[in-house]
Structures are given as C-alpha cells and as structure tokens.
Amino acid sequence: MKQYFKVDEWNIIEEGLHPEDNRIYESVMSLGNGHMGIRGNFEESYSGNSLQGTYIAGVYYPDKTKVGWWKVGYPEYYAKVINATNFIGIDLYINGEKVDLAKTKVKDFKRILNMKHGYLLRTFTIIDSKNRETKIEVKRFLSIADKEIAAISYSVTPIGHDAKVTFIPYLDGYVSNEDSNYNEKFWVEIDKWVEKYKGYLTVKTKKLNFYVSTAMKYSVIQDDKTEVDVETIEKKKYVGNKITLIAKKDKTTTLYKYISVTTNRDYPTDKIKDKALEKVENAYNKGFEKLFHEHSKAWDKLWEESDIVIEGDTKAQQGIRFNIFQLNQTYLGDDPRLNIGPKGFTGEKYGGSTYWDTEAFCFNFYLSTRGEQVAKNLLLYRYKHLEKAKENAKKLGMKGALYPMVTMTGEECHNEWEITFEEIHRNAAISYAIFNYVRYTGDKNYLADYGFEVLVETSRYWADRVTYNPRKDKYMILGVTGPNEYENNVNNNWYTNTMASWNLEYTLKVKELLETEYPEKYNKLVNKLNLTEEELNKWKDIINKMYYPYVESLDVFEQQDGYMDKELKVVEDIPKDELPLNQNWSWDRILRSCFIKQADVIQGLYFLSDRFDIETKKRNFDFYEPRTVHESSLSPCVHSVIASEIGYKDKAYELYLRTARLDLDNINKDTDDGLHITSMAGTWMAIVEGFGGMKVKNNTLSFKPFIPDNWNKYSFKILFRGHLLKITVTKKEVIIKQEKGQNFNIRVYDENYLLPKDGKVIVKLNK
Ligand code: BGC
C-alpha cells in the first residue's frame, strides 16, 4: 500500500511535493471550525492539479435538477455545497519571478497538519532562475475560539541574498465549483472596497440570497525594516494589495493576514459588512500569537473531552486522532441549524448536508463526547423537518413522513430514483436515533415533547409502504434499495423489513409509555396526530406478519429475496486490479454480482444487537463479510464492532485500521474528492463500542473490553448522564475512573460494580 504520510501521533506530514496526488493531500490537510472550512490549498498561485475549496456552513446553492428522464417525485433542485470567496490567497513574487509550486523549483517541501493545535504549516525553499534560495514558512488556522476568524502568517527569508519581494494578499470571489454545469458561477458581487492594508468583499448567491462578507487586514513585519510600497488592486469580485519591499539577506519578513467571514445566516444582511470589518479589526488588534493561543486553548479543551489515546501503535493512534480532529472541525453542535455532511468542508461531492449517516454513524460520537444537548440538537434538526418529510411522502403518494435521503432544509435534494424513492430505510435510522438517545440519556421527556410525533409519522409511512401478500399472509416491502447500494429495486431487503417493523414496535412501546407516564401530553398528541385504534391495530398486524427472507440451509438472514440465486463468490476471488469495483466494473455487472458495498444485514445486527445472540451474529458475519467490498466508507466500522463482539479480534482490528486510515491511506481511492467525515465517527464506534464493548441497557452502562494484540494500552472518555468517565484498558486490566459525577452502578464483563464519586473500578482484563 502506498504511504502518503509519515506516521506520527499528532501530525499528518507530507514530505516533498506530490503534484500527482496533490488533491489527496489537499483533502487530508483541510481545516475547519464548524462555521467554515478550506481544503489544503496553497496561499500562493498554483497552476498544477488542485481543487480549490472554501466552504461556509449552511451556505448552498439549489442547482436545478437536470436528469435525462424526469420521474414524478424528483426534487426540484440538488443542493450544492459551494465554493466561496478564496480568502487565503497571497500571491508571491521573488525578484520579479512568480512563485508557482507547479513551475518554480522547490526543495525541502513539507506540509504538516498539526492536529493537536489545529493548524496547517508549510515550509519549503524556492530556488529562482539565478539559483538563489529563499525559505518560506506559512502557517494558518481557522479559529475554533472565534468561528468567523482565520489568520495566516507568511514568512520569507532569502538565504545569502537581498530579495525584492512582492506579496499580493487578496480576497477572490470569482470562484466556481468544479461540479457546476457549464462552469456556472454561483456568486454575484454586491460590494467591495480596498485601501492600503485592508479590504473587503461582499458577494451573494444567485439564488436564495445568501450574503457573505469577507474582510482582510494585514501587517508586514521585518527583522530589518525596509521601505514598503503598497498599491491597491480591484477587479471583478476581487480586492487585493500589492506590497513590494526588500527582504534583507538572511532576515525574515512576515506578512500576517487576518480574515473575517460573516454571513446573513447569522446577522441581518445590512449588518454583515460592518460586522466583518469590526471582527477583522479586532483580530488584527489581538495579533497572530494571541489569536493562535486562544484557538489552541480551545483545541486543548476539545482534545481533553474527546481524545482516544493508544499506546504501542502509532499508525492506529494517528488514524483515530485524524478522525476525531476532522469530526470536531466539521461539527461542534453549537448551531442547531447545521448538520454533518459526508464531506464536511473538504470537497464538493455529496451536495446537501444531511444523510442517514448522521443518525446511523455520527450520533454516538457526539452523544458521548459533546453531550446530551448536542445530540438533542441533532434530533431536533429532524423534528423541525417533520412537515417537510410529510410533504415528501405525500409527493410520492404515501401517508406519514418520509425523511429525505439528502437534505439541506428538510426538502429532498437527491435525484436518482433507486435511492431517492427506494432507499427508504433511512426513515428507520431517524427513529432509531430517538431510541438510541433515550436509551443513553434516559430523557423520556424528549419522547413526549418531540419524539413521538416523528415515530408516529414514520410508522404511518411504513404502514402504507408495505404490501400485504395474501398468498403468504405476510407483509412485504417491495422495490427498495437497502444500505447496500450495489443492489437496487430489490424485494424484501432483510434490513429494511426488520427496521420498519422495529420502527412500528418502538412507536407502540413509546405510546404505552406516554399513556402511563405523560397522560396529559399523550392525550394532546393523540388529538394532534389523529391517532386511531384502527391504525394502531394495523401496525400490530404488520409487526406480527412481517416477512423476513431467510436461508434455511445456512441459518442466516437473506439480504433480500433472490440473493441466494446469485453466483456466490467471495471478495478474495476478485482480481486485485478490479478493485474498487465501482471504478472498474459496469453498473449492471455490480448489480448482478453478490458483492456487497456496505453493511446491510450486519447493519441490522448492529442496531438491534440485543435481539440476536452471538452465534447468529457469527453465522451472518461469516457469510456476508467475505462478500463485502467495503466500498462505502461506512462499512468497515460497523463490521469491526460486530467482529469485536463475536471475538474475531484480528478481524476487528483490521477493519478498525481500514476505517481509521481510510483517507490517510486513500484506501477507497477517492480521497481526492474530499474526506469521508461521517464514517470517521464510525472509527470512534469501532474503538469505544467494539474494542471497549460499551453498551447501555436497562439504564446501565456496561463494558466488555479487549485490547488488540499489538497495543499496550488505550483509553477514551465518555459523558454519560452527568458522569464523565475515563476508561483505560491495559494488557492486564480495565480501569474505569470517574472524573465527574456521583456514585453509580456500572457493569464490566456482566458483573455489577459501584463506581464511586472521584473513584475507580479496576477489573482484570478478560482475555
Ligand atoms: C453510502 C450511503 C451514504 C452516502 C453518504 C454512500 O456511498 O452508500 O450509505 O449515506 O454514501 O455518505
């Protein structure tokens, strides 16, 4: 396997310039702070292969849906995450020669993503046409402490010669998306202004009127002061300054560029310019070091809450840290309007921000590391979209609510019929997150205040979507796509049928709970929702008579009707150069084959873990995993959790490493498009729920840890019902320390323990 980065616990290091893989490096080196993000693009011009990307949370473009054959029910638009004003730009000329790392001679190039303090550092030496060397060092960060602020320090040191240096710091809104039709530009200029040392630009999206103001201010600091000449530049959607000076031999000249980015999502439209100017002024007055100090302190806190420490395996350590780092850069839960996009701020792919990924994969990470309120915000996000989900179901001729496959505002913005109309299992994931939240937090009020409505409407959808088959006296769900997107339009996907029925069951269970514990609220809800006995009976009938495909000879669940009619090969049979299948095989060949993109039956075993015994999990894992190509980033993590549970420790570790290093090692050969943010939370699951065996059942937190053979020790922290715990697993013992909270009971390897306030429970490691 090609090694892209040096293995290091806290840093992601690229040594030497890699023009051929530059997009991969750019994705991995992305920075973000929940409000905005940028790919690891260079400040100075680069004419080589690059995907320019600056993204602002919640700012998108509804691109008109264009398809060959319009199908009733298609959404009007596809939400594009749009490339916004480039604010990092600083063109550089040394002795009149433009620095362009695709053309300029360069040596000792290093690009380092420092995860501990959240910054990107580049160091390199350029060699001009007269063989003179000049050292460059560039450091930038997007402040986690003040989300609208970014800062760059750009230093130039000529070695053994005086150099005439020209910096052109600029803001450029003349940008487009690579995936835009006919190179369409999404922004129009509203206002701009530039003077020496300062400038700003306001642009607005052509549709939806998102206004974004970007302001910059800079200073130039020299070891040996020289005269500085400054000119202003104005172009279409562009402001800049041209700064020319002499950089003295062996002395360092640094340009500090401060940037603020404000939008009318956060302020009234007529205030964003003033706000941007005020913020950039404050940033400038604080200075680079102070801003950086505040930023890195905020990172210290985030790491304190969410770090996982692994001893004895630097590759694994780097992998998990990279995942946690990117998750925290993407979403911190402080803005309930936002959600977690599969690519975060690292690329254009997967327009729209919210997929079932949030509920199925990201939820637990945020629940355990950021706490109940953040998790609740994620649930409320969907609650607020309930009306839209009802409209969506209606549009498709169905009752109840069908949540969109992909969304920005609650409206569907995905337009491939086999997914938009058929990948309906997502509805159950949204209900499952409610169950998961209540199981973990014990917050039953949520059910009465919000959850029940979502459960009833999703249940109504399922009750309408099933088909009763009188010949078999069974309910079936026809024409679906399960989580395994390498099969479309199948009948009776086991996972979908199982989760649909579970959704109905849970709704009925919650109904009973509300009836007894919240009678007043319950009565109001019954009226509001027009809930009738007749429909409740229908739900019970569906639960009793749901059809589940099953392979008797192997005693495994059948992924869908007809799966066993396929040529049953295993992934080992596929020649290596034909992988990944989605880049090598025709689509019809993929559909006909038995190869599975991602956890499907296994996803069901994971969600409804308590319903299936270890033997059942083993049999299904043994049958399906060897046929799974894991070409969705969401696949290895779930498999890893199940592998841990059934005692397949090596397999669990192998799959863990695959999920943790998916982007660092470009395993699915698509990191150039951006990072797989949502599956990164799956990596966390693989350690905490897999290796750590963490579960919550009957209001009790339990652990069943093991340690991978090549690890000496690992530890993670979790928040649980007001308790902050640190779990450490060594080769010999499991130590559960209570860092915050009162005495409470936990279970370790199925035994009860009292975990005292400020105390520990130490249990011998079960080998
Ligand atoms: C997966 C989906 C997922 C989407 C976004 C697809 O490749 O098959 O399950 O929701 O990516 O991450």
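Note: Cβ is positioned from N, Cα and C throughout, glycine not excepted.
Per TrEMBL, active site, proton donor is recorded for Glu485. Non-local contacts of Glu485 (active site, proton donor) by the CB criterion (under 8 A, 6+ apart in sequence, same chain) comprise Ile419, Glu423, Lys597, Gln598, Ser632.
The substrate binding site annotation in TrEMBL covers Trp356, Asp357, Lys597, Gln598.
Restricting the average to the domain 'Glycoside hydrolase family 65 N-terminal' (13-265) gives a pLDDT of 96. The domain 'Glycoside hydrolase family 65 N-terminal' annotation in TrEMBL covers 13-265.
According to TrEMBL, the feature domain 'Glycoside hydrolase family 65 central catalytic' maps to 321-685.
Across the range of the domain 'Glycoside hydrolase family 65 C-terminal' (694-755), the DSSP-based residue counts are 0 helix, 41 strand, 21 coil. Under the heading domain 'Glycoside hydrolase family 65 C-terminal', TrEMBL lists 694-755.
A coil conformation is recorded for Lys597 (substrate binding site) in the three-state DSSP classification, outside any helix or strand. Spanning the residues Trp356, Asp357, Lys597, Gln598 that the record associates with binding substrate, the maximal Cα-Cα distance equals 16 Å. Within 8 A of the CB centroid of the substrate site residues Trp356, Asp357, Lys597, Gln598, the other residues of that chain are Tyr355, Ala360, Phe361, Pro483, Glu485, Ala599, Ser632, Leu634, Ser635.
Taking the Cβ of Asp357 (substrate binding site) as reference, residues of its chain lying under 8 Å away and at least six apart in sequence are, in sequence order, Ile340, Pro342, Leu634, Thr678, Ser679.
Reduced to three states, the DSSP call for Trp356 (substrate binding site) is coil.
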